[in-house]
Amino acid sequence: MSHPRVVSPVRPVRRVRPVRRLAVATAAVLAGALALTGCGSPDSGDSPDGAGLSVGSAYMPQPVSDSMAAGFLVITNKGAAGDVLTRVTSDVAGDVTVHRTVGQTMEEAERLDIPAHGELVLQSGGDHLMFERLKRKPREGEKVSVRLHFAKTSPITVEMPVKSATYNPKTGH
Amino acid sequence: MRKKLFAASALLVAATLTLSACGSGDDSGQSVADVSVEAGSDKAATILDQPFEKPDLVLTDTQGKPYDLRAETKGRPTLVYFGYTNCPDVCPLTMSNIAVAKKKLSPADQDKLRIVFVTTDPKRDTPAALGKWLKGIDPQVVGLTGDFATIQAGARTLGISIEPTSKDKNGKTISMHGTQVIAFSPKTDGGYVLYGEDATVDDYIKDLPKLIKGQNP
């Protein structure tokens, strides 16, 4: 639709390597990232045909109301090919959209690029996930399941911890 | 000459470090420079040489009653923020940071403080919608709505530029929030301190006791 604005330029891909071995590495990286962010379950965040994507630093600040919430995470692409985040779904929300913060306004982004050897950063004050039509109000200490869909890579499920409303990843509280 | 001066300052630095009980005395010139830089850049607050006049705003509160900002907050330490409730990220974070920091104050100081949230999206933020949202943050926060042009003019006097809520090509609603929180002094009623979006809950916890007294944080 409207805003296919590119977060950072995607390098033209000349050569796509077979990724069998990368997948193992990705799983290990994922497990590490998930352990760091306290997202326990071993099978979450796995990408079987992994194009080198891993997800870390995921959290949702406990929302003010039961109508809307934000979510943040970083998708790292260790692969030599770029990918695109095309769609996000969640068990707690009827609708999840990716929003870009442009100055003081937000606008819905159709697809966000994850450059080769780069990352897509969704962080407070910048681009973020917006959860609408919440089925319940997520509370601090819970986890919400978020499924990330990509143009090339198989979907990755992230168990996103719900933090306090004032949580700051820089200070860790 | 320069060398000697440097030696002298190094000595001074060593003395300072000892006094402030900062252990390692090595590399003193370097560390003093770092310390002073940090002290400056660490602060979330921007203190204004020329304070803003409190805007002459009469809007509608969450009870549906008229609220005269100048009259209601005269002589009170007051924090003003412009945002909207359909904002998932910055607006609730900013308001929650302030609300959590407020709860660390003594009950007397909590009563003195006025926190005012002015909507930038009055069409969707009715008094009831504002009231419901603020209840999830702190029921004592004053929520104001009203005519957009009035709100926009009030914001402009504080250097905050907002545009009316609009629809993009896909019919998605777009609203705008202010970029800063303004603290008004109980002594002068002037808006003398600004906080940007990156101010954390710790910054407000540290600064609110001073703002309550009209002091510089």
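Note that Cβ sites are derived from N, Cα and C of the backbone, with glycine treated the same way.
For B:C91, the partner cysteine in a disulfide bond according to TrEMBL, taken from B:C22, B:C87, is B:C87. Within 8 A of the CB centroid of the Cu cation site residues B:C87, B:C91, B:H177, the other residues of that chain are B:G83, B:Y84, B:T85, B:N86, B:D89, B:V90, B:P92, B:T94, B:T120, B:S175.
According to its DSSP assignment, B:C91 (Cu cation binding site) is helical.
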